[in-house]
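For reference, the structure discussed in these notes is given below.
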Amino acid sequence: LLWDTRSGKMIGSPYEGHTNVVPSVDFSPRGTYVVSGGRDETVRLWDVRTGREVQQFHEHTKSVWSVAFSPCGKYVASGSADHNVIIRNISCEYPESADNIRPHIITNQMSTQQIFDCLIASDCVDLSSQMDTQQDAAIIVSGGGFGDIWNGQLHNGEKVAIKAWRTSAMGQCDYKTLKRAARELYCWSRMEHPNIHQLQGVIIFQDRYLGMVSEWMENGNLHEYILRHPDVDRYELYVDVAAGLEYMHSNNTANVLVSSDGVARISDFDFSVMSEVTSLVFSESSNSRSGSLRWTAPEILLEEVRTRTTQSDVYALGMEIFSGTVPYPDCRTDIGVIRAVERGTLPTRPTKRLGDNQKGNMMWWLLVHCWAWDSRDRPSSRQVVETNRQAGRQDANKRVRIARSSNQTNECQPTRYGSTHVLDSSARCEGLLDDHQNSLECWTAQLQKPSSVRVIMIIHEGHTNAVKSVAFSPEGNLVISGSLDRTIRIWNAHRPYPIGDPLKGHSNSIFSVSYSPLGNIIASASNDSTIRLWDVNTHQQLGEPIQGNSSFYFIDLSPDAKLIASGCGWSGNLDSYTVQLWDVEKRTAASDSFKGHTGYVESVRFSSDGSRVVSGSFDKTIYVWDVQRGATVLGPLEGHSKSVRSAVFSPEGSQIVSCSDDRTLRLWDTRTGGVIGNPLEGHTDHVYSVAFSPRDTYVISGGSDKMIRLWDIRTGREVQSFPKPSIVWSVALSPCGQYVASGSDDCKVTIRNISAAFPDSADNSGPRMITSQMSTEQIFDCLLASGCKDLSSQMDTRQDTAMIMSGGGFGDIWKGQLHNGGKVAIKAWRTSAMGQCDYKTLKRAARELFFWSGMDHPNIHRLQGVIMFRDFYLGMVSEWMDNGNLHEYLLKSPDADRYQLCIHVASGLEYMHSRNTVHGDLKAINVLVSSDGTAKISDFDFSIMSEVSSLVFSESSNSRPGSLRWVALELLLSDTPTRTTQSDVYALGMTILEIFTGEAPYPECRHDFVIMRKVEKGILPDRPLERLKDDKKGNMMWNLLVKCWSGDPNERPSSRQVVDTLVSEIYTA
């Protein structure tokens, strides 16, 4: 039977022909045909216009239980009790059922011009006559992984935005991207609403790109607009977005633009899907991605099948406008977001914008319902709009609620998030309800959380006895502490909460903790005569402890994390007052003891290059030791009149600062052993701890006078003091110099921001410190001063004839040339959007450029120099690689020697590790191939260095994880992942697998969440037996890969061992 959805009445007569029950029917895409399957073992095709059967299919031998049309209408599938699925092509005999009358089908095989013609035929406006399609004067203002936004203009001078989809890379047309562009353009062209960004038309941009032309929006996107106008009426903006969403149903805030009059308009329809029958049909692969993870509803995020719906749009609608930040800003990684959503954790309430008042509580109540775990409990976009409009018209003492339908009661019910007022999916807005306060009381106490604010001081509480030692992580985001309560704790350096549970294992007081410069290990020393090592990510003890003969008073990990230096405590034997080096891997002494002290060794510290150790003792002296020779370099250095409590090298190694029970600090020259200047005086009691700032300009100290004091060593004067309520046992400065951590007798760890009052202490006043506040020109000058090569004289920095060949979310690769005609690649980081410079992106570009400039190896893509590209982009210039990346090369050269390519990649990584540098994002697309087939590692955006360098980056530069399919288990499990050489080796194993398969790891998994679950369970990728055969060579390679993927980072081989195995064992097998 056919029914009218408006009147509910039957249309025409019943369709008769089947001789038994009919379990399944389906419409063709254009609604002209219906297919049915019956227990009479037949499939029948019906013409809706005539009501007649036009064809029978008798292939099945038992009942037909299900039938379906393909999205293009060409095919009919049927499933039967005879255990068969049959797919038949009906387009030849019934072309109208297939909707394939040209040009109505968009496929991956069509060219840019064919798709353009198809769109124009489907009523998209051709703007070619109204503008210069070359747009030589246009500039890129922003972009994403697949397209760029250009600022152009029409012939009449009107400014327009041109969204150009990148449909070519390395000269090859990417038809899948092209089809996605066409889908977005077609969906966009059908939108017309005050809160929808208006598409003006389409062009073939620069002869090769599909270009979407729209009105230029001076205010940029909503995120940028809120940053520039923090006092804007956010309630009104929320209504604008909700109204636009009500009109069309995929948005997050970066996909909302703001017009010059402050009206929010939804844009970016790349993910849009239409449920209505249209004149243009897209083959099914066009649009299978999931959207931005932080805005993605749980039913999409946590399920294998991702179907975007109006309910998932409403979930995204509730994010970001009031907070001004991305959702879940406390989660540094997407993995952390997935875990938060899985736990049912709501975004934090921004109490500054949504205060604890009637209007704020009403809005938060509405947002909570937009985030309901069950999509059926969310309001519709219409209900959201009406609720907000009603709120704007009501007296402040009234409450707005979403009413239930007449047959529902208004009550509190349990949900995934606890007890909260649940929306019925059939609810409609009916205005005000006096009992809204009751529903607010059900959840306000549970859900309202304080907003995160920038603070000058954070006090961490948790220890139950004095905190004897504190240390920062290499990236400065964490602080560790050791206490007399026998535990080690890890704290967030910028927010008032601990990371995980205390680390327990020592049987007596902990006197010292040290953080590995590589960021993967914590060492602790105790009165129980042991040194213990801990995994930063799992918080578990690593192996057996190092056992000594007496208490360990102080320890320090070497820069390469291979050695630990220790100072001993009380002993009845004078020969026991020694400095000892320990082998981290073997847990045994690495050398003979360094003898010379005649009292407890209270302090030991490595120099920044790891070649020397300085020690301070109760015997009032300081010694400097040669690590390799075990000999005294300097000492005893005498000058203090009482016990030396701490002695530390300056970062560049020319000075030592020491502190003593004699209430003074002293500076020493490491070349001569002489005292520099006068003692630093000001403490009124014992001074227990001292630390240098990263640029050697300041020293921080703490002692039993309950004061932390800051000293300018250029003048020898105290410049600031910070009182504490109890004795200060330990102080530490963050790697950026902006923060001071202290551990004290009151069981607390305190972290202070000192950069505002003393910018020089934070190392952010000179050109050697890269910060987010510096301009492109300042960073460019800073890089040149640190040894990067300026190529401005060797090429035209405008590069007007250069072409974009590929790009990502933050930068583009251009194909340019030098004055001598040599082809070069220019990686230009997009550091401006809508006229505003994105300094964090700029700083990340500088970090990559600086690390890259220090690399020189046959298997590292060589940086030739740096330019100011087109006057305002930071451009990295390197050799042009015609073979493209490793993934592209293997597609073009399937017979390449894959074992040799594995050796190339492993050798490049081993070189980086030998320079104490972690790559952080190794995968096939980040490896380029030269014309002679040599693989060269590139893309150092994620790289981190543990060695001291001539350039320092403030800590926010590089906190992202790598690409999830290549990410090691320990990074997946950590909310604050730290990339290490071991995680690089894991990624190396995945990259080697890519070399053999030609595919990304876990190709059967469409979604990141599924991959994360597999890695957590220890499920390895499938072995590609076609390439890694079941023979000696194949088995040896597979065994090596399995070792690289070990769940225990310490059981993985080093990159050096991988190279040795590949070269000496596997390649010659």
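Cβ coordinates come from backbone N, Cα and C, glycine included.
Whatever TrEMBL says is automated annotation, not expert-curated.
Taken from TrEMBL, the feature domain 'Protein kinase' covers 135-391 (among others).
The domain 'Protein kinase' feature in TrEMBL is assigned to 799-1068 (among others).
Under the heading repeat 'WD', TrEMBL lists 15-56 (among others).
Feature annotation from TrEMBL assigns repeat 'WD' to 57-91 (among others).
Under the heading repeat 'WD', TrEMBL lists 460-492 (among others). Among residues of the same chain six or more beyond the repeat 'WD' (460-492), those with a C-beta under 8 A of the stretch's C-beta atoms are 498-500, 502-504, 506-519, 522, 524-526, 534, 536, 539, 727, 729-736, 738-739, 741-751, 944, 946, 955, 958-959, 976, 978.
According to TrEMBL, the repeat 'WD' annotation covers 503-544 (among others). When the repeat 'WD' (503-544) is classified with DSSP, helix, strand and coil residues number 0 helix, 21 strand, 21 coil.
Annotation comment: TrEMBL describes 594-635 (among others) as repeat 'WD'. Sequence-distant contacts of the repeat 'WD' (594-635), counting only residues of its own chain at least 6 positions beyond either end whose CB sits under 8 Å from a CB of the stretch, comprise 553-560, 563, 565-570, 574-575, 577-581, 641-649, 651-653, 656, 658, 660, 668, 670, 673, 947-948.
The annotation repeat 'WD' is assigned in TrEMBL to 637-678 (among others). Listed by sequence, the residues of this chain that lie at least six past the ends of the repeat 'WD' (637-678) yet keep a Cβ under 8 A from its Cβ atoms are 599-600, 602-603, 605-609, 612, 614-624, 684-692, 694-696, 699, 701, 703, 705, 711, 713, 716, 948.
Residues annotated as repeat 'WD' in TrEMBL: 680-721 (among others). Applying DSSP to the repeat 'WD' (680-721) sorts its residues as follows: 0 helix, 25 strand, 17 coil.
Across the repeat 'WD' (503-544), the prediction's mean pLDDT works out to 93. Residues of the repeat 'WD' (637-678) grouped by DSSP class, helix first, strand second and coil last, total 0 helix, 24 strand, 18 coil.
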